[in-house]
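TrEMBL annotations:
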- A:3-164: domain 'AAA' (DOMAIN)
- A:K11, A:G12, A:G13, A:V14, A:G15, A:K16, A:T17, A:T18: ATP binding site (BINDING)
Amino acid sequence: MAQIIVVTSGKGGVGKTTSSAAIATGLALKGHKTVVVDFDIGLRNLDLIMGCERRVVYDFVNVINGEANLNQALIKDKRTPNLFVLPASQTRDKDALTKEGVGRVLENLGKDFEYIICDSPAGIETGAMMALYFADTAIVTTNPEVSSVRDSDRILGMLQSKSKRAEEGLAPVNEYLLLTRYSPARVATGEMLSVADVEEILAIPLLGVIPESQAVLKASNSGIPVIIDQESDAGKAYSDAVARLTGEEVEMRFVNEEKKGFLKRIFGS
Amino acid sequence: MQKPSLELKGSSFTLSVIHINHTDLAAVANELDSKLAIAPQFFIGAPLVVNLGAITDANYNLAGLKDLLISRQLVIVGVTSAPTALIKQAKALGLAIIKSGKQSETQPQLPKTTKIVRQNVRSGQQIYAQNGDLIIVGAVGNGAEVIADGSIHIYGNLRGKAMAGANGDKNAVIIAQSLDAELVSIAGQYWLTENLQAHATSKSGCIRLAGDALTAETLSL
């Protein structure tokens, strides 16, 4: 049985797609056969982050409607073996997703893959509901600021009441917190919520803290998931998160402000 | 303006009820006579309601009973608790079908039920404990609502809205381990965050009604 993981947040722009791409790539790098599915119908972005935008022929909606089969729509990643992308349709809207259709596609993917990463659109409407409905695990991507935290709380409520597992009375969805765009320096000055603040409000286990990093924007623009860039803090932090997701014990990094060394203080960074 | 020729007004009277426990008319007549012999003046012309609750025989001789009672100078105004089979017979004899106060109270009081929620109540969720208390083992997030007809107990942080005594119970209370509520309300009286901050001196506490005003009590939880 494949594990279905939804990357969700409620709020937009917090890093769902960046995280989906990084985590899917990370799992594939660990040797797990992984597919990442873009649920953001009409606002397709995942293909850009994954650097496969020129190779999209058929998409998720085509497969749901039976206009193409899965093998025609799945794009094999050029960099990472074991990694596939199922792109969203750019010309349709979220209503093209039906519970039956999505369920059928995920079931078929489950026969071939170990991990299915669902990149959820923002909001709490059809698209987001479809992305989280079938999930076994949810990675709630949150920025350390109040509106994002509240929206994450709302999504956690949805996971507890509207998911398939909740409706059928099965074991609840595993919920993990992924804190993105974290800046220890700004936490120290009181401009940003701390990891402890967010953990206290959301009360779910912490999967990882991704520091605010220039590398993320660079990676997005060049279509290379940031986890590939192991020089960057963000890349390392995503690797840690993936390790934790697969059950490894890894110490949290990038949570506290780095003490700048003497030379660094003089020459800057 | 002329007074109308008739007026309909409700009024209540105390009537004696005679319970018939036996179908045998002769036996009833015997016992009735001995009772009447004790206080003959008391019963003459007295209006009576006949309780037929103990009679199960559908072919019971109600006409015979009526004649028996009339012959003893009793006035029968109606029957009560009659089994459905006898109601038709009573109507045919011109007797009123009377429901006693106890019988007409058809809505039995529902037992109080306590609702226990063993998880965090998330933003956007609403939980209502009808006709009872609500116990939350967990936090109530911003934008979440917990409502109870009875009291609300929160073993966690209350950051959302809590409304106790939703159908008017003024004795209801709200108890929380930490009161950072957006709104607390008891039987319609409410406080917003700023009122709460002005009144509640400690984090954990109990909100209740004192007269018509809310008041906060410190509890060491």
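Glycine is treated like the rest: Cβ placed from N, Cα and C.
Within 8 Å of the Cβ centroid of the ATP site, not counting the listed residues A:K11, A:G12, A:G13, A:V14, A:G15, A:K16, A:T17, A:T18, the chain contributes A:S9, A:S19, A:A122, A:T141, A:T180.
On the 0 to 100 pLDDT scale, the domain 'AAA' (A:3-164) averages 95 in the predicted structure. A:G13 (ATP binding site) is surrounded by 11 other CB atoms, counting those within 10 A of its CB over all protein chains shown. All chains included, 27 other C-beta atoms sit within 10 angstroms of the C-beta of A:T18 (ATP binding site). For A:G15 (ATP binding site), the count of additional Cβ atoms within 10 Å of its Cβ stands at 23 [all protein chains shown]. Counting every protein chain shown, the number of other Cβ atoms lying within 10 Å of the Cβ of A:T17 (ATP binding site) is 26. Each of the binding-site residues A:V14, A:K16 was scored by the number of other CB atoms within 10 A of its CB, and the lowest score belongs to A:V14. In the three-state DSSP reading, A:G12 (ATP binding site) counts as coil.
Same-chain residues at least 6 positions away in sequence with a Cβ under 8 Å from that of A:G12 (ATP binding site) are, in sequence order, A:A122, A:G123. For A:K11 (ATP binding site), the same-chain residues 6+ apart in sequence whose C-beta sits under 8 angstroms from its C-beta are A:A122, A:N143, A:S147, A:S148, A:D151, A:S152.
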